[in-house]
Amino acid sequence: MCRDNGSDSLLLAQCLSSVSTQNISSAVQRSLLQVMLIHVFLQIDPTADASFLGWIIASYSIGQMVASPLFGLWSNYRPRREPLVVSTAISVAANCLYAYVHVPHSHNKYYMLTARALVGFGAGNVAVVRSYIAGATSLTERTSAMANTSACQAVGFILGPVFQTCFTLIGEEGVTWKFLCLQLNMYTTPVLFGALLGVINIILIFAIFREHRVDDMGRQYKSINPNGEGSDVLDQNSEGSIDHVAVVALNVLFFVILFVFAVFETIATPLTMDMYSWTRKEAVFYNGIILSVIGIESVIVFMVVKMLSKKTGERAILHAGLLIVLVGFFVLLPWGKKLPNIQWQDIKNNSIPRMDPTEMLTPFWSLQEMQLPSNHSAEPVGCPVTQSWCLNTPMIYLAQYISSDVLIGLGYPVCNVMSYTLYSKVLGPKPQGVYMGWLTASGSGARILGPVFVSQIYTHLGPRWAFSLICGVVVLSLLLLEIVYKRLIAFSVRYGRIQEENC
């Protein structure tokens, strides 16, 4: 994509740092949580409750939110190899801690919390990857490079469950290596595999990675980083100030995009359990299939976006993506007269199982087992009466749910890649590490607040309020996009160095 020796570096940034370090490893980690968190909370540390589970889920995003600006700042003044290697090493150490979390005789939940936070901290290097791609591509190459990176991320999340399924064949007992105090089983193998990926990535970073920077027109010039490679072309295009109104607006839009998807991702299991009387196991299984299909859909979308952006521009595609997401959540609004099935048997037995709202903080793949009354031989299904809205809110038909999945699976990847592509273009040829760090931090904050929103609004007020508020948030984001639409142009276009139709 870039000229000369830059092509190797760009390929590494996209396929090594983003795919292997972030995406494959992150996919394995998220797949691991499907069984690892349940294993820890139900078997290892009996003192852990649903509230602490919420903190464990949030610790990943908190760690990434803290680390992203730090790694971004680091990459602005030092070779990018340094923060990439250090962050990957932190992820390797965190994976190893995961594997040994069962060894201590007490306080296991705090070891789990530390490991999860460190994994998130290591994932903060996504800001370095994005800033590198922004600096190693011209304006005409930028969208394609960002789309390729996002497509690789989607592939990573598709492969994650596949890896996890393979690792379950090892079983719960597995093999114990006493001299290492290590139990190799279906719970520890995924994290050790993630650690192995990290080690491979570190080797590849040293072996392949090279600094490379070009201006918005693709002309190579000397890197600001020590030991950087490049010619002696002066950085004349960096003159001028960044449009901070556009920068703030794109941070807000990126926050909204990640927030609504976090809500959609988190609400999948409780919604389908309430509406379709699915058991927890059925909800996990069917929603896992749905999200895998959405992942495949996203890969196709990213490939189409690369071609479409050359004709319409990123702003129009971002606008269309937000409209599709709006329609996707609008479709989910309850209508009709049919009510969801209620857990009437629990009313007769006067023993209604209650779910702590903080349990809703977990995505569908890591929901805790529901605690059933002793007089129940099977898990109760239907909409629990403890959620008062179940008695007067119409059910969401399965066709609505599937249609919404398809629409959100189409709109979200479009919005995601277009938002940080525009962001990188607005920032211009200056080092973008810190700014990309703030963008990543805003996305991490959204992933923290999304599940909290679900736990409070959906549990207490129901889907009508939850999805109406989401629709309102998306409408406000569309209004914001309209207000700043003309300001979302590339740095070089803003100062008249490049014609807009060329980028």
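Placed from the backbone N, Cα and C atoms, the Cβ positions cover glycine too.
Copied from TrEMBL, the annotated features are:
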DOMAIN    15-489  domain 'Major facilitator superfamily (MFS) profile'
TRANSMEM  50-72  transmembrane segment
TRANSMEM  84-101  transmembrane segment
TRANSMEM  113-133  transmembrane segment
TRANSMEM  154-171  transmembrane segment
TRANSMEM  191-209  transmembrane segment
TRANSMEM  245-264  transmembrane segment
TRANSMEM  284-305  transmembrane segment
TRANSMEM  317-336  transmembrane segment
TRANSMEM  401-423  transmembrane segment
TRANSMEM  435-459  transmembrane segment
TRANSMEM  465-485  transmembrane segment
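Highest Cβ contact count with the transmembrane segment (245-264) among the listed stretches 50-72, 113-133, 435-459 falls to 435-459 (criterion: pairs under 8 Å). Long-range contacts of the transmembrane segment (284-305) within the same chain: residues 34, 143, 147-148, 150-151, 154-155, 157-158, 161, 265, 268-269, 272, 278, 317, 364-365, 367, 402, 405-406, 408-410, 412-414, 417-418, each at least 6 residues beyond the stretch ends and with a Cβ under 8 Å from a Cβ of the stretch. Comparison of 113-133, 317-336, 401-423, 465-485 by number of C-beta pairs under 8 angstroms to the transmembrane segment (435-459) places 113-133 first. With a cut-off of 8 Å between Cβ atoms, the residues of this chain six or more beyond the transmembrane segment (465-485) that come close are 245-246, 249, 252-253, 256-257, 259-260, 263, 267, 315, 318-319, 322-323, 325-326, 329-330, 332-333, 453-454, 457-458. Per-residue confidence over the domain 'Major facilitator superfamily (MFS) profile' (15-489) averages 78 (mean pLDDT, predicted model).
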